[in-house]
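S.K.: For reference, TrEMBL lists these features for the protein:
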- 64: active site, proton acceptor (ACT_SITE)
- 65, 68, 70, 72, 74, 86: Ca(2+) 1 binding site (BINDING)
- 162: substrate binding site (BINDING)
- 192: heme b binding site (BINDING)
- 193, 238, 240, 245: Ca(2+) 2 binding site (BINDING)
- 33-113: disulfide bond (DISULFID)
- 66-71: disulfide bond (DISULFID)
- 120-315: disulfide bond (DISULFID)
- 199-225: disulfide bond (DISULFID)
- 23-319: domain 'Plant heme peroxidase family profile' (DOMAIN)
- 60: site 'Transition state stabilizer' (SITE)
(Lines of atoms letter the chains of each structure in order from A; the text may use other names.)
(Lines give C-alpha, C1' and ligand atoms only; values in the text may rest on other atoms or scores of the structure.)
Protein backbone atom coordinates (compact mmCIF):
# COMPACT_ATOMS: atom_id res chain seq x y z
CA UNK A 1 0.00 0.00 0.00
CA UNK A 2 1.34 3.45 -0.87
CA UNK A 3 2.53 5.45 2.19
CA UNK A 4 -0.06 8.23 1.74
CA UNK A 5 -2.80 5.62 1.56
CA UNK A 6 -1.37 4.00 4.70
CA UNK A 7 -1.70 7.31 6.53
CA UNK A 8 -5.27 7.75 5.33
CA UNK A 9 -6.17 4.16 6.20
CA UNK A 10 -4.80 4.49 9.72
CA UNK A 11 -6.62 7.79 10.24
CA UNK A 12 -9.86 6.32 8.89
CA UNK A 13 -9.56 3.31 11.18
CA UNK A 14 -8.95 5.53 14.17
CA UNK A 15 -11.93 7.72 13.35
CA UNK A 16 -14.09 4.67 12.75
CA UNK A 17 -13.25 3.27 16.16
CA UNK A 18 -13.98 6.64 17.72
CA UNK A 19 -17.18 7.51 15.88
CA UNK A 20 -19.50 5.57 18.12
CA UNK A 21 -18.00 6.55 21.47
CA UNK A 22 -16.59 10.05 21.10
CA UNK A 23 -12.97 8.90 21.28
CA UNK A 24 -9.94 10.48 19.64
CA UNK A 25 -10.21 13.35 17.14
CA UNK A 26 -7.64 15.86 15.86
CA UNK A 27 -9.72 18.88 16.90
CA UNK A 28 -10.62 17.72 20.41
CA UNK A 29 -9.44 20.99 22.02
CA UNK A 30 -10.50 23.38 19.26
CA UNK A 31 -13.28 24.87 21.40
CA UNK A 32 -12.14 24.18 24.97
CA UNK A 33 -8.56 25.41 24.44
CA UNK A 34 -7.61 26.50 20.91
CA UNK A 35 -4.19 27.65 22.18
CA UNK A 36 -3.24 24.20 23.49
CA UNK A 37 -1.26 22.83 20.54
CA UNK A 38 0.60 26.07 19.91
CA UNK A 39 1.57 26.24 23.57
CA UNK A 40 2.92 22.68 23.58
CA UNK A 41 4.91 23.36 20.41
CA UNK A 42 6.52 26.47 21.90
CA UNK A 43 7.66 24.71 25.08
CA UNK A 44 8.94 21.67 23.18
CA UNK A 45 10.82 23.91 20.76
CA UNK A 46 12.47 25.83 23.58
CA UNK A 47 13.49 22.59 25.35
CA UNK A 48 15.05 21.15 22.18
CA UNK A 49 16.82 24.42 21.39
CA UNK A 50 18.38 24.25 24.85
CA UNK A 51 19.21 20.53 24.55
CA UNK A 52 18.65 18.86 21.14
CA UNK A 53 18.85 15.41 22.74
CA UNK A 54 15.57 16.16 24.53
CA UNK A 55 13.62 15.51 21.32
CA UNK A 56 14.58 11.84 21.34
CA UNK A 57 13.70 11.61 25.04
CA UNK A 58 10.19 12.94 24.48
CA UNK A 59 9.54 10.59 21.56
CA UNK A 60 10.76 7.65 23.64
CA UNK A 61 8.58 8.64 26.59
CA UNK A 62 5.43 8.52 24.44
CA UNK A 63 6.42 5.06 23.16
CA UNK A 64 7.05 3.74 26.67
CA UNK A 65 3.74 5.18 27.82
CA UNK A 66 1.69 3.59 25.05
CA UNK A 67 3.22 0.12 25.36
CA UNK A 68 2.18 -0.21 29.02
CA UNK A 69 -1.61 -0.49 29.28
CA UNK A 70 -2.15 2.03 26.49
CA UNK A 71 -1.46 5.73 25.95
CA UNK A 72 -2.71 6.96 29.33
CA UNK A 73 0.10 9.04 30.85
CA UNK A 74 0.79 6.38 33.48
CA UNK A 75 4.54 6.61 32.81
CA UNK A 76 4.52 10.10 34.35
CA UNK A 77 3.18 9.08 37.77
CA UNK A 78 5.55 9.26 40.71
CA UNK A 79 5.65 6.39 43.20
CA UNK A 80 3.47 6.60 46.30
CA UNK A 81 3.24 4.62 49.54
CA UNK A 82 0.65 2.42 47.84
CA UNK A 83 2.04 2.19 44.31
CA UNK A 84 5.37 1.56 42.61
CA UNK A 85 4.94 3.03 39.16
CA UNK A 86 6.75 2.73 35.85
CA UNK A 87 9.65 5.12 36.42
CA UNK A 88 11.72 2.52 38.28
CA UNK A 89 11.05 -0.26 35.77
CA UNK A 90 14.19 -1.68 34.13
CA UNK A 91 13.57 -0.04 30.72
CA UNK A 92 12.97 3.36 32.37
CA UNK A 93 15.10 3.64 35.49
CA UNK A 94 18.00 6.06 35.01
CA UNK A 95 17.13 6.09 31.33
CA UNK A 96 13.79 7.73 30.64
CA UNK A 97 14.10 11.51 30.86
CA UNK A 98 12.21 14.70 30.07
CA UNK A 99 9.75 14.65 32.95
CA UNK A 100 10.65 18.25 33.81
CA UNK A 101 9.78 19.30 30.24
CA UNK A 102 6.39 17.63 30.54
CA UNK A 103 5.88 19.49 33.83
CA UNK A 104 6.68 22.78 32.09
CA UNK A 105 4.30 22.00 29.22
CA UNK A 106 1.50 21.11 31.61
CA UNK A 107 1.95 24.34 33.58
CA UNK A 108 2.02 26.42 30.39
CA UNK A 109 -1.04 24.68 28.95
CA UNK A 110 -3.02 25.05 32.17
CA UNK A 111 -2.26 28.78 32.05
CA UNK A 112 -3.17 29.11 28.37
CA UNK A 113 -6.38 27.14 28.83
CA UNK A 114 -7.37 28.99 32.01
CA UNK A 115 -7.71 25.66 33.78
CA UNK A 116 -7.06 21.94 33.72
CA UNK A 117 -8.23 21.00 30.22
CA UNK A 118 -5.51 19.07 28.38
CA UNK A 119 -4.55 15.58 29.56
CA UNK A 120 -0.99 14.54 30.27
CA UNK A 121 -1.43 11.60 27.87
CA UNK A 122 -2.30 14.01 25.05
CA UNK A 123 0.66 16.22 25.97
CA UNK A 124 2.96 13.21 25.51
CA UNK A 125 1.51 12.45 22.08
CA UNK A 126 1.76 16.03 20.84
CA UNK A 127 5.22 16.59 22.34
CA UNK A 128 6.50 13.51 20.49
CA UNK A 129 5.18 14.82 17.18
CA UNK A 130 6.54 18.31 17.79
CA UNK A 131 9.94 16.83 18.66
CA UNK A 132 10.06 14.96 15.35
CA UNK A 133 9.21 18.14 13.44
CA UNK A 134 11.69 20.29 15.39
CA UNK A 135 14.50 17.89 14.46
CA UNK A 136 13.77 17.78 10.75
CA UNK A 137 11.01 15.21 10.34
CA UNK A 138 7.61 15.58 8.71
CA UNK A 139 4.52 16.54 10.68
CA UNK A 140 1.49 14.33 11.11
CA UNK A 141 -1.93 14.90 12.62
CA UNK A 142 -2.20 13.77 16.24
CA UNK A 143 -5.53 12.39 17.41
CA UNK A 144 -6.57 13.80 20.79
CA UNK A 145 -9.00 13.19 23.62
CA UNK A 146 -7.07 10.76 25.82
CA UNK A 147 -7.57 10.86 29.56
CA UNK A 148 -5.04 10.05 32.25
CA UNK A 149 -4.64 6.87 34.25
CA UNK A 150 -4.92 6.98 38.02
CA UNK A 151 -2.48 4.15 38.61
CA UNK A 152 0.73 2.68 37.19
CA UNK A 153 2.56 -0.64 37.50
CA UNK A 154 6.28 -1.38 37.55
CA UNK A 155 5.54 -5.03 36.75
CA UNK A 156 3.52 -4.16 33.66
CA UNK A 157 6.29 -1.86 32.45
CA UNK A 158 8.92 -4.57 32.93
CA UNK A 159 6.74 -7.05 31.06
CA UNK A 160 5.45 -4.89 28.19
CA UNK A 161 8.26 -2.58 27.06
CA UNK A 162 10.65 -4.23 24.58
CA UNK A 163 14.20 -4.52 25.87
CA UNK A 164 17.37 -4.08 23.79
CA UNK A 165 18.42 -7.72 24.21
CA UNK A 166 15.44 -9.33 22.45
CA UNK A 167 15.88 -11.52 19.40
CA UNK A 168 13.68 -10.80 16.40
CA UNK A 169 10.86 -13.32 17.11
CA UNK A 170 10.36 -12.01 20.65
CA UNK A 171 10.52 -8.41 19.44
CA UNK A 172 7.90 -9.02 16.77
CA UNK A 173 5.69 -10.92 19.21
CA UNK A 174 5.86 -7.94 21.58
CA UNK A 175 4.74 -5.51 18.88
CA UNK A 176 2.00 -7.82 17.64
CA UNK A 177 0.69 -8.19 21.20
CA UNK A 178 0.05 -4.43 21.07
CA UNK A 179 -1.75 -4.63 17.73
CA UNK A 180 1.28 -3.46 15.75
CA UNK A 181 2.63 -5.10 12.60
CA UNK A 182 6.07 -6.00 11.23
CA UNK A 183 6.06 -2.76 9.24
CA UNK A 184 5.17 -0.82 12.41
CA UNK A 185 8.08 -2.51 14.19
CA UNK A 186 10.58 -1.55 11.50
CA UNK A 187 9.32 1.98 10.97
CA UNK A 188 8.92 2.84 14.67
CA UNK A 189 12.40 1.47 15.32
CA UNK A 190 13.41 4.27 12.98
CA UNK A 191 12.79 6.53 15.96
CA UNK A 192 16.36 5.51 16.79
CA UNK A 193 17.37 8.04 14.17
CA UNK A 194 17.39 10.20 17.32
CA UNK A 195 19.14 9.80 20.61
CA UNK A 196 21.71 7.80 22.53
CA UNK A 197 22.03 4.59 24.50
CA UNK A 198 23.97 3.71 27.63
CA UNK A 199 26.94 1.35 27.48
CA UNK A 200 25.01 -0.99 29.76
CA UNK A 201 22.57 -1.69 26.94
CA UNK A 202 25.02 -2.24 24.06
CA UNK A 203 28.05 -3.79 25.80
CA UNK A 204 26.88 -7.36 25.19
CA UNK A 205 26.45 -6.73 21.47
CA UNK A 206 29.77 -4.93 21.22
CA UNK A 207 31.83 -7.75 22.72
CA UNK A 208 29.78 -10.81 21.69
CA UNK A 209 28.42 -10.05 18.21
CA UNK A 210 31.54 -9.07 16.33
CA UNK A 211 30.40 -11.03 13.25
CA UNK A 212 27.67 -8.41 12.60
CA UNK A 213 29.66 -5.31 13.61
CA UNK A 214 31.71 -3.15 11.30
CA UNK A 215 35.27 -3.39 12.71
CA UNK A 216 35.98 0.34 12.61
CA UNK A 217 32.63 1.07 14.28
CA UNK A 218 33.33 -1.54 16.97
CA UNK A 219 36.77 -0.09 17.66
CA UNK A 220 35.29 3.37 18.16
CA UNK A 221 32.64 1.99 20.51
CA UNK A 222 35.24 0.12 22.58
CA UNK A 223 36.87 3.45 23.42
CA UNK A 224 33.54 4.67 24.83
CA UNK A 225 32.32 1.44 26.42
CA UNK A 226 34.93 -0.80 28.08
CA UNK A 227 34.18 -4.43 28.79
CA UNK A 228 33.57 -3.54 32.45
CA UNK A 229 32.59 -0.26 34.08
CA UNK A 230 31.30 3.02 32.61
CA UNK A 231 27.76 1.66 32.37
CA UNK A 232 26.38 5.16 31.86
CA UNK A 233 28.70 6.13 28.99
CA UNK A 234 26.63 7.21 26.00
CA UNK A 235 26.89 6.39 22.31
CA UNK A 236 24.59 7.70 19.60
CA UNK A 237 22.08 5.34 18.00
CA UNK A 238 23.14 6.56 14.56
CA UNK A 239 25.65 9.06 13.18
CA UNK A 240 23.17 11.97 13.29
CA UNK A 241 21.49 11.65 16.72
CA UNK A 242 19.70 15.02 16.63
CA UNK A 243 18.41 14.84 13.05
CA UNK A 244 15.47 12.84 11.72
CA UNK A 245 16.85 11.04 8.66
CA UNK A 246 17.45 7.52 7.34
CA UNK A 247 21.04 7.20 8.54
CA UNK A 248 19.74 4.70 11.10
CA UNK A 249 18.60 2.27 8.39
CA UNK A 250 21.75 2.74 6.38
CA UNK A 251 23.70 1.86 9.51
CA UNK A 252 21.78 -1.41 9.89
CA UNK A 253 22.83 -2.51 6.41
CA UNK A 254 26.47 -1.63 7.18
CA UNK A 255 26.88 -3.42 10.53
CA UNK A 256 26.63 -0.15 12.44
CA UNK A 257 23.60 -0.91 14.60
CA UNK A 258 24.32 0.04 18.20
CA UNK A 259 21.72 -2.20 19.85
CA UNK A 260 21.15 -5.93 19.41
CA UNK A 261 17.46 -5.36 18.69
CA UNK A 262 18.28 -2.88 15.94
CA UNK A 263 20.62 -5.28 14.13
CA UNK A 264 17.97 -7.98 14.49
CA UNK A 265 15.81 -6.03 12.04
CA UNK A 266 18.39 -6.69 9.34
CA UNK A 267 19.69 -10.21 8.76
CA UNK A 268 17.98 -11.28 11.94
CA UNK A 269 14.33 -11.12 11.01
CA UNK A 270 14.32 -12.58 7.55
CA UNK A 271 13.43 -11.32 4.10
CA UNK A 272 10.46 -9.05 4.81
CA UNK A 273 12.23 -7.16 7.59
CA UNK A 274 15.42 -6.88 5.53
CA UNK A 275 13.48 -5.49 2.60
CA UNK A 276 11.76 -2.87 4.76
CA UNK A 277 15.11 -1.75 6.19
CA UNK A 278 16.57 -1.37 2.69
CA UNK A 279 13.41 0.39 1.48
CA UNK A 280 13.53 3.03 4.18
CA UNK A 281 17.29 3.46 3.85
CA UNK A 282 16.74 4.47 0.23
CA UNK A 283 13.46 6.41 0.58
CA UNK A 284 13.53 9.06 3.32
CA UNK A 285 10.25 10.65 2.24
CA UNK A 286 8.51 7.28 2.52
CA UNK A 287 10.00 6.76 5.97
CA UNK A 288 8.63 10.08 7.20
CA UNK A 289 5.17 9.31 5.82
CA UNK A 290 5.03 5.79 7.23
CA UNK A 291 6.51 6.88 10.54
CA UNK A 292 3.69 9.38 10.99
CA UNK A 293 1.10 6.70 10.23
CA UNK A 294 2.69 4.29 12.70
CA UNK A 295 2.80 6.97 15.42
CA UNK A 296 -0.90 7.65 14.91
CA UNK A 297 -1.60 3.93 15.16
CA UNK A 298 0.52 3.55 18.29
CA UNK A 299 -1.12 6.61 19.84
CA UNK A 300 -4.47 4.84 19.52
CA UNK A 301 -3.48 1.88 21.71
CA UNK A 302 -6.13 1.52 24.43
CA UNK A 303 -6.67 5.19 25.30
CA UNK A 304 -8.87 6.14 28.24
CA UNK A 305 -11.76 8.27 27.00
CA UNK A 306 -15.18 9.52 28.09
CA UNK A 307 -15.55 9.13 31.84
CA UNK A 308 -12.60 6.78 32.27
CA UNK A 309 -9.54 8.07 34.06
CA UNK A 310 -9.13 11.78 34.74
CA UNK A 311 -7.40 14.93 33.51
CA UNK A 312 -4.49 15.32 35.91
CA UNK A 313 -3.79 18.78 37.26
CA UNK A 314 -0.20 17.70 37.90
CA UNK A 315 1.13 14.99 35.61
CA UNK A 316 3.13 13.39 38.42
CA UNK A 317 0.26 12.71 40.83
CA UNK A 318 -3.39 11.77 40.63
CA UNK A 319 -5.93 14.44 41.43
CA UNK A 320 -6.85 14.80 45.05
CA UNK A 321 -10.50 14.47 46.03
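Heads up, residue numbers simply count up from 1 along the chain you see.
Each residue, glycine too, has its Cβ placed from N, Cα and C.
No curator has checked TrEMBL annotations; they are predicted automatically.
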S.K.: To the nearest Å, how far is the Cα of residue 66 (disulfide bond) from the Cα of residue 192 (heme b binding site)?
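M.R.: That comes out at 17 Å between the alpha carbons.
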S.K.: Out of 113, 162, 315, which of these recorded positions is nearest residue 225 (disulfide bond) by C-alpha distance?
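M.R.: Result: the closest of the recorded positions to residue 225 (disulfide bond) is 162.
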S.K.: Would you list the other residues of this chain near Ca(2+) 1 - those whose C-beta lies within 8 angstroms of the C-beta centroid of 65, 68, 70, 72, 74, 86 - in sequence order?
M.R.: 64, 66, 67, 69, 71, 73, 75, 149, 152, 156, 157
S.K.: What other residues of the same chain, not counting 193, 238, 240, 245, have a CB atom within 8 A of the CB centroid of the Ca(2+) 2 site?
M.R.: 194, 237, 239, 241, 243, 244, 246, 247, 248
S.K.: Using all protein chains shown, find which of the recorded positions 68, 199 scores highest when you count other CB atoms within 10 A of its CB.
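M.R.: In terms of Cβ crowding, the pick is 68.
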S.K.: Under 8 Å Cβ to Cβ from residue 238 (Ca(2+) 2 binding site), same chain, six or more residues apart: give me those in sequence order, or none if nothing qualifies.
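M.R.: In sequence order, the residues whose Cβ lies under 8 Å from that of residue 238 (Ca(2+) 2 binding site) (at least 6 apart) are 192, 193, 247, 248, 251, 256, 258.
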S.K.: Between residue 120 (disulfide bond) and residue 240 (Ca(2+) 2 binding site), how far is it from one CA atom to the other, in Å?
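M.R.: Distance between the two Cα atoms comes out at 30 Å.
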S.K.: Taking each of 64, 70, 74 in turn, which of these recorded positions have a Cα lying within 10 angstroms of the Cα of residue 162 (substrate binding site)?
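M.R.: Close recorded positions: 64.
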S.K.: For 65, 72, 86, 245, listed as binding-site residues, tell me which one has the smallest number of other Cβ atoms within 10 Å.
M.R.: 245
S.K.: Looking only at the domain 'Plant heme peroxidase family profile' (23-319), report the model's average pLDDT.
M.R.: 96
S.K.: Of all the binding-site residues here, 74, 193, 240, which one's CB has the most other CB atoms within 10 A?
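M.R.: Result for the most crowded candidate: 193.
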S.K.: For each of the recorded positions (60, 64, 192), count the other CB atoms lying within 10 A of its CB, then report the residue with the highest count.
M.R.: 192
S.K.: For the disulfide-bonded residues 66, 71, 113, 225, work out the Cβ neighbour count at 10 Å and name the residue with the minimum.
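M.R.: Each of the disulfide-bonded residues 66, 71, 113, 225 was scored; lowest Cβ tally within 10 Å is 113.
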